[in-house]
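Chemist: Relevant sequence annotations retrieved from TrEMBL are reproduced here:
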- Ser189: active site (ACT_SITE)
- Asp341: active site (ACT_SITE)
- His371: active site (ACT_SITE)
- 107-255: domain 'Alpha/beta hydrolase fold-3' (DOMAIN)
- 304-373: domain 'Alpha/beta hydrolase fold-3' (DOMAIN)
- 1-21: signal peptide (SIGNAL)
Amino acid sequence: MGFKALCLGLFCVSFLSYIYTPIPDNIEETWKVMALDAAAKTCTLMALCLENIGVMRYEEFISMIISLDYTQPLSDEHVTVTDTTFVDIPVRLYLPKRKSEAPRPAVIYFHGGGYCFGSFKQRAFDFLNRCTAKKLDAVVVGMDYRLAPQHHFPAQFEDGITAVKFFLQDKILAKYGVDPTRIAISGDSSGGTLAAAVTQQVQTDPEVKHKLKLQALLYPGLQVIDTSLPSHRDNEHGIVLTRDIAIKLVSLFFTKDEALPRAMRKNQHMPLESRHLFRFVNWSALLPEKFRKDHVYTEPMLGRSAYSLPALMDHRALPLLADDAQLQHLPRTYILTCQYDVLRDDGIMYVTRLQNVGVQVFHDHVEDGIHGALSYMTSPLYLQQGLRIKDMYISWLDKNL
């Protein structure tokens, strides 16, 4: 009996130490954040255990949990909501019911989820897109895309660019009453990555007649060639999203080969021929001093991987790798970053690079923000910071679109 109690006690201590993350003093609603973080880490632990014993893969378990939060396309007194497809790619349309003599603006939104799970059907994204349509009197398009690891890069980019180019056709814009000069593209987390990559492509593609007026990127991940940025170190065991889980998800975006995440954890995953790309992500030059702190920059070890993965050098997957000639064509940009986010420095470096080539950039940095805050805007455990970020994002669109 005593031995069993000891084992149970040790298990409980180990479990609690795994899920416990200290919450910084400046974060409001501390207990809510602790509960959300504990729930996220518990789900992660269960998913990893199930994967290790061969029951189901990590991302399959998380997808199953997230799918419980999916919504149906329910219209209300302000907006007509319908699910349809753009060239076989699922989208959810939000069309304002208010009559308008003039064409309306439009917002295209890509959901986050580490490229491995998620959908525009999630309650938080449905709420966000519905609010955007109401506040801006705009047509909003929530877009899905094929998910990893069943579909690796470039499937997600291909879906994104195909759906956006379909929407930008004259006949489609006319069908939905959209002003072709007032179209924005947005996304959070991996959806922000996809939005950034699609924008780079659209703005430089001579075959695309109508260009995007704005892009809004909410705590995006924009590079993985250096996995030892100050934000990676500061938030290694971060709230909701840890460095290890971020690496696991982005690795699945590219390959199922377990060698990649192992190499990424050591920051030894890039080939010798990638050396020229590191000037685009050199945080010692691109981050303001307040984010560099006392961290010392060292270039990652190159050529240590036993395999080659060209996608790791493709700016369609990692928009920070685009050269200045590509970046200077980008539209007015909104970037929101969160202090307690492993991806924080990606967005801040993109701000610097866009400013350096003359792109108009507005940067909101949320000092008490955590990654994925927009996913927590609905009951039972909604966060005020999620609602605040929603308001900041929609307000910027309202002023600039």
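Keep in mind that glycine also has a Cβ here, set from the backbone N, Cα and C atoms.
Because the structure is a prediction, the values reported are computed rather than measured.
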Chemist: Work out how many Å separate Asp341 (active site) and His371 (active site) at their Cα atoms, rounded off.
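Modeler: Checking the Cα atoms of Asp341 (active site) and His371 (active site) gives a distance of 5 Å.
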Chemist: How does the model score the domain 'Alpha/beta hydrolase fold-3' (304-373) in terms of mean pLDDT?
Modeler: 96
Chemist: Taking the Cβ of His371 (active site) as the centre, how many other Cβ atoms fall within a 10 Å radius?
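Modeler: That number is 26.
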Chemist: Write out how many residues of the domain 'Alpha/beta hydrolase fold-3' (304-373) are helix, how many strand and how many coil, based on DSSP.
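Modeler: Split into helix, strand and coil, the domain 'Alpha/beta hydrolase fold-3' (304-373) gives 25 helix, 19 strand, 26 coil.
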Chemist: Fill in the CA-CA distance, His371 (active site) to Ser189 (active site), as an integer in Å.
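Modeler: Given the Cα positions, His371 (active site) is 8 Å from Ser189 (active site).
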Chemist: DSSP helix, strand and coil counts for the domain 'Alpha/beta hydrolase fold-3' (107-255)?
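Modeler: The counts are 65 helix, 26 strand, 58 coil.
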